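What TrEMBL says about this protein:
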type	residues	note
ACT_SITE	182	active site, proton acceptor
BINDING	7, 8, 9, 10, 11, 12, 13, 103, 127, 128, 129	NAD(+) binding site
DOMAIN	1-140	domain 'Lactate/malate dehydrogenase N-terminal'
């Protein structure tokens, strides 16, 4: 197997590369290509990483290749982590609009390279934000639907963890999917909640959730105001504690922003999502997960069946109300992406 990581030298990229090297997905003779940016410090970082990994994983007999040439982004899977700098200090929008413009420009410049490699690329797994933008552009570039992003899976795991906390059980016993946009228009698919594989009575879940979207947005705004104030006055631990009284969906959104604030960013959960999606792409039997992909609803996160045969959207796993909400979010995201692409010059 050959896996190439674009953006390997960045904070999250390094965590993902280490997780890949450790995982059973890569074995003796397999190739891990660490691609940095020619004009950035990552050009030095990936060279050093290659030496470090060669020593650390000598028993696995991996081939670890450093590169600063995006043309080396080909193989059974290409992992896209490349991004414009995103300062790890607290702001509720993370300079989202500026980052979207910068990353749109970055992705548009990558498209010709990936298009030239399209016959040598099996799958593309995207971490770069905005997830929906990256999936849309790179699906076009490689002319394949084997392009997935991690956002919906990460959001689902956060949703699951917060729900498990309120149910008083271990997160691994809970299945709960989230999707829509990996950002402001995130959706929580409450009809998919299972404990030990068994559907949960909606009446039992009702007290844990926001009654409607307007209530969610109000509670989210309140939560951001609270954690901003507490973070400045008392620090990060206190800000995490201040989130506890808020509803499940709100905690799932706001806590990740606090984690980013620490400077640790969220490399651990991103790496686990990459590994989970990659494992699914190698299986003969479809695995149901949530991921961003191009779908009849637009480029959004939704339940999908993934196997070595490809990816199939599974909106049939959602309730009618959830499917309608997904369609609305898809239209909103589509309009925004087209407007962004038209505004960015390369």
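Each residue, glycine too, has its Cβ placed from N, Cα and C.
Sequence features annotated in TrEMBL and their locations in the structure.
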{"residue": "7", "record": "NAD(+) binding site", "DSSP (3 states)": "coil"}
{"residue": "13", "record": "NAD(+) binding site", "DSSP (3 states)": "helix"}
{"residue": "127", "record": "NAD(+) binding site", "DSSP (3 states)": "coil"}
{"residue": "182", "record": "active site, proton acceptor", "DSSP (3 states)": "coil"}
Overall pLDDT for the domain 'Lactate/malate dehydrogenase N-terminal' (1-140), taken as the rounded mean:
93
Cα-Cα separation of residue 7 (NAD(+) binding site) and the residue listed as 'active site, proton acceptor', in Å?
20
Taking the Cβ of residue 129 (NAD(+) binding site) as the centre, how many other Cβ atoms fall within a 10 Å radius?
20
Tally the residues of the domain 'Lactate/malate dehydrogenase N-terminal' (1-140) by DSSP class, grouping H, G and I as helix, E and B as strand, and everything else as coil.
67 helix, 27 strand, 46 coil
May I ask for the distance between residue 11 (NAD(+) binding site) and residue 182 (active site, proton acceptor), taken between their Cα atoms and rounded to an integer number of Å?
20
What count of other C-beta atoms do you get within 10 angstroms of the C-beta of residue 7 (NAD(+) binding site), across all chains shown?
25
Using the alpha carbons only, what distance in Å do you get between the residue listed as 'active site, proton acceptor' and residue 129 (NAD(+) binding site) once rounded?
8
